Number of protein chains: 2
Amino acid sequence: MKKQLDLTLYLVLDPLLCGGINGMVNTTKIAVENGVTAVQLRSEQDYSGKNWYHAALALKEVLSNTPVPLLINDHVDIALAIDADGVHVGQSDLPVEVTRRLIGNDKWLGLSVSNLAQLESVPWQLVDYLGIGPIFPTTTKKDAATATGIDQLTKLVNTKQCPAVAIGGIGVNNLTEVVQTGIEGIAVVSAICGQADIAKATSELIKKIRQAKEEIGV
Amino acid sequence: MKKQLDLTLYLVLDPLLCGGINGMVNTTKIAVENGVTAVQLRSEQDYSGKNWYHAALALKEVLSNTPVPLLINDHVDIALAIDADGVHVGQSDLPVEVTRRLIGNDKWLGLSVSNLAQLESVPWQLVDYLGIGPIFPTTTKKDAATATGIDQLTKLVNTKQCPAVAIGGIGVNNLTEVVQTGIEGIAVVSAICGQADIAKATSELIKKIRQAKEEIGV
């Protein structure tokens, strides 16, 4: 059965920040026990297909008895190979139409957008959710676009036609204003990956998100 | 209908050496008119999924009215997306078992091997051909293994259980001794890609291969 997609706290695993496959597996285990609602394995250029495959398999295993879905960034073949719950593609990855054709309708499909022009060209009937960002300047993604800031994010949130997560430079200290735009969830990388106390970091994030959501009544 | 796989002169397209997608398309067109029997699109780390997809689509179009098959290196998703004739994987790509499961039995599957240990672990029932190399030191593949040389190649050719191409530093001046090992074909990158006269370079290669094959009576 297809796992539900709850975008509230969406963990993007960075293989380097986590310290390889074992680090990603440990991070995921603790983060999911403490409130993470979705997990994405992010692309890492230096990873070979074999490493990707084994990382994805190990993560699928960790998430197998949880309600938390695993999404694979970019590598549609890896997603198919391990029967992941979904795929996330960026603007320069395999086009959405092709990706949807390859994965069928039983897998979640997310798309990254950075600005209004990209948002206006989203094929809404093919996409399940958006990743909007970077909201703030980020250090974990080398090829990140210009940061949108809160005003531009608000405009994008008001225009979009499907759920979305905000990503890029978001942590416990600045997530409230992001959540207050009405966006469904927050995606984090370094706010969890590489943190000394992953349980505590995750708990604080989810608590703060829920508080902010309560304040705006969602 | 499945295209035949003739390994005699196997062109590996290097996007950088060819000068991008248009360069690869032109190179392929001329090379196929002059004797190339199979074409592979090689991985290039700096290429995005979108670029890969469009390059592969363009190459498929060029080869559509020819008997020459198109094989995609590494990116199984791209091969599936454009319905390529086959896939070529290396030792650190998606495992052969997984690749075969994803592409089914109607596509060719090639595997790179560099030494006897790798050759002895080939799942012969899943693989259609091998790429053996590098035979000589090569400049077009940064992560190439140690060159096998002719003696080691002869041992590998005598041990293998499926057809193979030799690759790595092979050109018109040294291919005779390679063909004389009894290997089915020669794969080239820089002996065609980036050559000033691709028609002439290809004609000379195929002529020399056929001569060498005649000399050993195959």
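Using the three backbone atoms N, Cα and C, a Cβ is placed for every residue, glycine included.
Nobody curates TrEMBL annotations by hand; they come from automatic prediction.
Among the candidates A:K29, A:K50, A:K141, the residue that TrEMBL annotates alongside A:Q40, A:L41, A:R42, A:S43, A:E44, A:N73, A:S112 as binding 4-amino-2-methyl-5-(diphosphooxymethyl)pyrimidine is A:K141. Closest to A:D74 (Mg(2+) binding site) in space, going by CA atoms and restricting to the binding-site residues A:L41, A:S43, A:E44, A:S112, A:K141, is A:S43. Mean pLDDT of the predicted structure over the domain 'Thiamine phosphate synthase/TenI' (A:9-192): 95. The Cβ of A:D93 (Mg(2+) binding site) has 25 neighbouring Cβ atoms from other residues within 10 Å, across all protein chains displayed. DSSP assigns A:S112 (4-amino-2-methyl-5-(diphosphooxymethyl)pyrimidine binding site) to a strand.
With an 8 Å limit on C-beta distances, the binding-site residues from A:N73, A:D74, A:D93 that reach chain B are A:D74, A:D93.
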